[in-house]
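Participant: Straight from TrEMBL, here's the annotation block:
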- 12-35: transmembrane segment (TRANSMEM)
- 41-59: transmembrane segment (TRANSMEM)
- 91-112: transmembrane segment (TRANSMEM)
- 119-138: transmembrane segment (TRANSMEM)
- 158-181: transmembrane segment (TRANSMEM)
- 218-236: transmembrane segment (TRANSMEM)
- 248-278: transmembrane segment (TRANSMEM)
- 290-319: transmembrane segment (TRANSMEM)
- 354-601: domain 'ABC transporter' (DOMAIN)
Amino acid sequence: MSLSKNSVPRPLPYGWAFPLLVAAVLVIVPLAALGQYDQRQLILIGIYTLVVSGLNLSLGYGGELALGQVAMFAAGAYVTGILAQHGVTELTVAVLAGMVAAAVVGLISGAAGLRLSRWSLAIVSFFLVLLIPVVITMTEGVTGGLLGLSGISGPTLLGIPVGFTGFYVTALMVALIWLVLMRNLVLSRHGVSFRVMRESPALASSLGLPTYRLRMRVYVLGSVPAGAAGAIYAYLNGFISPDAFNLNLGITILAASVVGGSNSIYGAFAGAALLVLGPLQASGFELYSTVVYGIFLIVVGVLFRGGLAELFRILWAWVLRRLGRSRQDEQHDTPVAAVGSGASGGLRIPGQRIRTRGLSRSFGGIRALDEVDFVAEPGTITAVIGPNGAGKTTLLNAISGFVRPEAGEIEVGDTTVSGLSPYQVARSGVSRTFQTPVIPEDMTVREIAESGRLWVRGPGTLATMLRLPSAWRIRRQDHLAGQQALEFAGLTGIADRTAGKLPLGVRRLLEVVRAVAAAPGVILLDEPAAGLDEDGLAELSRLMLRARDAGATVVIVEHNVRFVFDLAEKICVMRLGRMIAAGTPEEVASDPEVISSYLGARASTLLERSVPES
């Protein structure tokens, strides 16, 4: 299967309409129609758009709750002020220096807060804001202390003094350029990895992503625009003091992010506009201005969980329906029976043998795994069954790195993976699904299929933001692999559907598709048949048989014994952490210990196989 450059899905042309329209309205029109005061308000909107967009990146896309944007904002402002007092007034230097300073603050605070739970980052960033006046006081000789830093002279651009009009245009262009770069980032595989991590760090690890480094990257990236905003703010005011960077501003920025739409690129602009203009419009209510503004924020936040950006999407969808161009997402849910039959399409999966020797693990004195020996061969479906608490899922978790065994070895092919972290095991060729489907609801079916390749090394962040040829090259490769996996499962007809609108059966199929797209040696499936009806079971069976025929080593943990006996070539039975039997379905069904401890009277009926065609 070949894929031309032109066949790669690109953002729709009207995706550029909004930033271009904003540029025209905010840059050109005010120059002719507004005075300096109104232009100053628009500069403030541009400044806070930068700050809020950074929070949108770390919170809305990365799922990292933090109030530290104010500290990064302050870092950019103070570095600019200090440079200006030493005669460095070049605006490009100030913006770049502010970005670097903010990134350093983000790196230091992130190193302290990201090692633990996500709430620890919120706590660290909270205290970081409280430390701003303390740090400024301790460095009074440089920062001016509590009295502030004054005498920040006007900026120059390429050595030429910049008047207010030039500063106005430059400030808004900085904000616009950042939004374009951020858009390129979040629409790339980097953005997909951020959303996967936001949905589930465990899922990110299972896809071969080092979650700590990924969380650090998104947090530091979110710091960068705040530093640029601080540089512009310092030159706009000509004076900065610690009073301008307080906890109230941090909470207001968080509110602007949520109300504008934290998972939206342009929601930052809407939130910043509310942050700057909202209090001014509410001031006509005198003493009640804060209450009126607060009520407005609460109402918008409650009615539209995605903020004003969601409201805009709803209105845009309504316009498309009126024009007869409704998206595929707005159609009725697709039942599992409507999914295509799929075909292997020549897809080959290089299966690897998986073996455990003497695998043991205890939890609170309970022996979850007791010297378990287990083998699964390429090109076969191996099932693990047993009563609740037998240790089946613990075995899968140990193989995939989510549980570290106390004793024993795990081999995938010729590689020993015992003690490796989940992302390292995934990169060794092990893909897995989870008992409850972990599917980011705001991603399309195509994006989820392509996310199976996130472990493959791609271009760096800067190359992606600039959309260099290397970024397009990996995009084509991801699309090809995702398309092959969707064809493999017969899901190409719903490739552009949003996953949140899919029924359970299709979600479970999609998890397997994501695993197949990774081209793994081993596919681990944890109770994939749970909750499926007959149509769903039939489609799942076909997909697993095609994966087996393509060469994969398929391991399934399942409670649906009928489903397992119809499908697997080898069945392993666990009880109380021990492997009590392993063999063909016929051998297992006739094993006395298996019959007495688990299968009972149904053992005699399980050999009437009814496997669907692959």
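Using N, Cα and C of the backbone, Cβ positions are placed for all residues, glycine too.
Predicted automatically and left uncurated, TrEMBL annotations should be read as such.
Keep in mind the model is a prediction, meaning the values are calculated, not measured.
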Participant: For the transmembrane segment (218-236), find every same-chain residue at least 6 residues outside the stretch whose CB is under 8 Å from a CB in it, and list them.
Facilitator: 40, 43-44, 46-48, 50-51, 53-59, 61-62, 64, 66, 68-69, 72-81, 84, 91, 94-95, 97-103, 105-107, 110, 114, 121, 152, 154-155, 167, 171, 174, 178, 182, 185, 194, 197, 461
Participant: Which residues, given as numbers and ranges, are at least 6 beyond the ends of the transmembrane segment (248-278) yet have a Cβ under 8 Å from it?
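Facilitator: Beyond its ends, the transmembrane segment (248-278) has Cβ neighbours at 18-19, 22, 41, 44-53, 55-56, 59-61, 67-70, 73, 126, 129, 179, 182-183, 186, 293, 296-297, 300-301, 306-310, 312, 442.
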Participant: Looking only at the domain 'ABC transporter' (354-601), what is the model's average confidence as pLDDT?
Facilitator: 91
